[in-house]
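Noted in TrEMBL for the protein shown:
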DOMAIN    54-175  domain 'C2'
DOMAIN    214-341  domain 'C2'
DOMAIN    380-502  domain 'C2'
TRANSMEM  602-620  transmembrane segment
TRANSMEM  632-662  transmembrane segment
TRANSMEM  746-776  transmembrane segment
Amino acid sequence: MKGAMPPRPFMVPGPGGPMPPPQQFGLVETRPPLAAVLRPRFNIPGLHPSAAAASAASKIASTYDLVEPMRFLYVHVVKARDLPAVSAAGTIDPFVEVKLGNFKGTTPVLGANHNPSWQQVFAFSATHLQAHVLEVAVKAKDLAGGDDLIGRVGFDLAEVPIRVPPDSPLAPQWYRLETKRGEKTRGEIMLSVWLGTQADEAFPDAWHSDAHAAAGPAAVASTRAKVYFSPKLVYLRVAAIGAQDLVPVDASRPVSACVKLQLAWQVRRTRPGAPPGTLNPIWNEEFMFVVSEPFDEPLFVTVEDRIGPGRDEPLGRIMLPLNAAMPRHDHFGKPVEPRWYSLLRPSDDPDKKEGKFASKIQLRMSLDFGYHVLDESTYYSSDLQPSSKHTRKPSIGILELGILGARNLIPMKGKDGRTTDAYCVAKYGPKWVRTRTILNTLNPQWNEQYTWEVFDPCTVITVVVFDNNQIGKNGDARDESIGKVRIRLSTLETDRVYTHFYPLLALKHSGLKKTGELHLAVRFTCTAWVNMIALYGRPLLPKMHYTQPISVMQLDYLRHQAMQIVAARLSRAEPPLRREVVEYMLDVGSHMFSLRRSKANFYRITSLFCGFAATAKWYDGIRSWRNPITTVLVHMLFLILICYPELILPTIFLYMFMIGLWNYRYRPRHPPYMDTKLCHAEFTNQDELDEEFDTFPSNRPAEIVRMRYDRLRSVGGRVQTVVGDLATQGERAHALLSWRDPRATAIFIFLSLVVAIVLYVTPFQVLLVIAMLYLLRHPRFRSRMPSVPFNFYRRLPAKSDMLL
């Protein structure tokens, strides 16, 4: 990176001194010369201190202060006029060719137009300035062979003006075309040329010299930087209550009526109505769908007679627009009243006027704007706002992301003689951003900055690097993912700029592989401290998720439907954000079984008990008198707390305060990143990975599926044993008073009476002292055999002997 200091590994202070992270998959802190971290006292070699201060101040004032400025030569080709005819028919098919050294860009060909208008911008990177003269040529398309030159205009790069936003755009001017010999010819072209940076308004839609190898207009469009927004999603709640006066197709057969609800590809069915065989069935079943604005998809309701498995005969149908549903923005509104609708017979014309008699169905429909429609996992969601704008909270801050570049990417197109055509996609909330594609390089430099409003700090931003496969001749190939980075905003300090190289990791059939490093600059700025602190005491999701909760299974189904809607909508944009890109960003397959993830979650649970294990080990050392001085001090502490019980809670909270204060020295100094050891990606064999990437249903050979099934049975057997042991302990506790063992219950209730009498007549503090001295007695007075209460509990009956 030009002008940047060499990156150094990030050092984390610890009790034994600074320790470097793992070399292969660790995070690397950098010090790029960003305007956000420069100060007026920054000295630039060769500049007067006042000039250096002014330069730094101008950079700090810039909007793009989290990226390095990149110089571009912009050429805005507006239009031409009075072009001469070149064909026998007196017409011309003109286009413009902009050439700088070996880089050349062309406008579309406009057929039979003497006064064409292109309105196209070309951007040449400063690294591609291979000549001192910019040549703009107007040519005529010749289908027979080489194109005809109409005229040209040349610009000396030393005379090109420099434009710095927020200056107004440079006004284009008319230039007379010249021949190769410098003679004036007929025709003029209007254009403007200037030097700028990526902060220029023309940057996103410009043709870039980085994408000069793209084949065709569609491929060029797929290389541009764009911003996308997810569609506004709402839950549609439909309750099928009942129907009346159904007309059976076959009167000799009892009717088994059910309702089929279809909204686009979302289909739900009720159970057969009650009582069986009636023509006035009752269902009382409620379903939820995911809909998106502008709510142009209708809801099809069909009452069917279930004849047999897979055989349904329609009895009536109706098409309802979504504006027939009542909008609900919160749970305080009036309840939704059900309505009766007339059903059309299958043979009736939908446009036919309703007759005097028709079957009826009673439905209750509402558009629940008070929910947040989940299209991501709640564990790393980037948006928690309700669909209703009326109930949304104000923003608490701003998230700024600078996508600087990447290094050491793996070649994704090695078979085609190319390296990688990389671009980044970042998502936070409903806003998606896509950087431009840098062609054929393993070390792309984007230097693009984006901004989001933050409404909740407990959210996650996701950044993924993809390889663009729309460049070459195989324009419809899938874009391959290179690596993913997630950053939780609550782990960031406010107003601090984090600049790191994040490892890009890919889990393939062959195992874990590092695919490169992504260079990011992140800053979270809080604008409402009081509101942000108050958010930590509020529910994570909107109120309707708690007043009218949705079941977990239904939420998973709705999340899958929401992801499909978002992917379908963004894939229709221009240029499209492809379906595989959206699905990878939203983790479509995260709910599928993975033995690797199961192991990771198991060890996550066991790691939670490390504190309890350490406490038990400390207690065992105290009661074993390994260090007599420590044991005596613990005795004294317990005696003080027993004599003054009002000090117990203050002591506990003071202890937690001191621990937190002590751990502040060792707090994380960098954002979180993908932990390969936590997710067990480094210790997984190839068969487990092959099972993880298998399709559903499986397409592997029968013997492999049988082997995996047997392995899953063995794992399930161990889980079954653990669950059975937990159930046994609970049943033994329940058997204390259930008289399943009459002698054990009699002994327990008699001892309970004795203990109650002793507790009534003995001060509680005395009992605590006796219990403490008994538990911490010297090993000489302790037996290795299990205690009497433990033996008594182990002898209690459980229901395990009642299982087959």
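Numbering starts at 1 and runs along the chain as it is shown here.
Cβ from N, Cα, C; glycine included.
Fair warning: this is a prediction, and the values are worked out from it, not measured in the lab.
When Cβ-Cβ distances below 8 Å are used as the criterion, the transmembrane segment (632-662) is approached by residues 622, 765, 768-769, 772-773, 776 of the same chain, each at least six residues removed from its ends. Each residue in the domain 'C2' (380-502) gets a DSSP state, and the totals come to 10 helix, 57 strand, 56 coil.
Residues belonging to the domain 'C2' (380-502) score a mean pLDDT of 90 in the model. In the domain 'C2' (54-175), helix, strand and coil residues by DSSP number 14 helix, 51 strand, 57 coil. The helix, strand and coil residue counts that DSSP assigns across the domain 'C2' (214-341) are 8 helix, 67 strand, 53 coil.
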